[in-house]
Amino acid sequence: MSSIMQTAAPTKSQSASRVAPANGKLRKFLPLYLSIAPYYILFLVFGLFPVLFSLYLAFQRWDGIGTMTFVGWNNFYFVLTDPIFGKAIFNTFAIWVISTIPMLCIALVLAFLLNQRSRSKLAYQLCFYIPNMTSIVAVTLIFQSFLGDQFGLINQTLAAIHLPAVPWLTDPWGIKWSIALMVIWRWTGYNALVYMAGLQNIPTEYYDAARTDGANTWDIFFNITLPLLRPIVLFTVISSTIGGLTLFTEPQVLFLTPANNGGPGHEGLTMALYQYWQGFASYQYGFGAAVGWIVFLILLVCTIINWRLVQRGE
């Protein structure tokens, strides 16, 4: 009996010795865990939970008040067969193309030219960033006062010099160009600053060697600057794709109609505005959640395509 007790006693002490270091480590790192806990709690409440709940909601019919009804894939079927959603997809991609291509090209040229200057560079950088800091609602209202068909400043000026008015907010492509101009004005300076940050990381020895060999400005731009800026270009293309395909505030404020339907003939209706229209204006939250997941898949595919195209050029 005594031999058994002697055998058991070390076993308890050994287990206690194992638990003690674990408790010591927990006591040591507990303040660190508590310091980062608020971030993860907020992420779970405001990040992960809404995503998972929207996925669950996409398979339900719910008006926000009554009980939920499981409908399976019906919400996705109705979205994909709705011709208005098809028009929203076309409008979104059309606005994205006519805004992103000129915006990034202008931003790249501005950054390249400004990088050659040594004076007033900071002042130009501040001017470039001002549009990005301005309220989107305020900018849209200002553009609305400029582009109005009857009382807009541009058409009033054209009428004063006996030129025909431009149907900015009633013509299908006039609407798209009006929205694209706001996007270009807002984000060109920001992208120019991103490109400038990339240009400043390119060693000046490359430029000096090219000038010694007789290369002009545009030879340097196409043969040195562009290849070395490829990762930065990829970042701006992907971020512009995400921003362009989730465009909401500009068309929503530009056409302040009760239904928020994107103006005449739904010509300014984007995918994000369509989601708002179905989910919040029509109180079809399951339908709106399904639209959100379809838009997410479209964004994912476009991002992968952009990444592959840029990587293929390396």
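The chain as shown is numbered from 1 upward.
Even glycines carry a Cβ here, placed using N, Cα and C.
Counting residues 6+ beyond its ends, the transmembrane segment (37-59) has Cβ neighbours under 8 Å at 68, 70-73, 75-76, 285-286, 289-290, 292-293 in the same chain. Feature annotation from TrEMBL assigns transmembrane segment to 37-59 (among others).
According to TrEMBL, the domain 'ABC transmembrane type-1' annotation covers 89-306.
According to TrEMBL, the feature transmembrane segment maps to 93-114 (among others).
Taken from TrEMBL, the feature transmembrane segment applies to 126-147 (among others). Listed by sequence, the residues of this chain that lie at least six past the ends of the transmembrane segment (126-147) yet keep a Cβ under 8 A from its Cβ atoms are 110, 153-154, 168-169, 178, 181-182, 185-190, 192-193, 249-250, 253-254.
Per TrEMBL, transmembrane segment is recorded for 177-199 (among others). Residues 95, 98-100, 102-104, 106-108, 110-112, 114-115, 125, 127-132, 134, 136, 139-140, 143, 147, 168-169, 225, 228-229, 231-232, 235-236, 240, 243-244, 247, 250-251, 254, 268 of the same chain sit 6 or more residues outside the transmembrane segment (177-199) yet have a Cβ under 8 Å from a Cβ within it.
Here TrEMBL flags 220-248 (among others) as transmembrane segment.
Here TrEMBL flags 285-307 (among others) as transmembrane segment.
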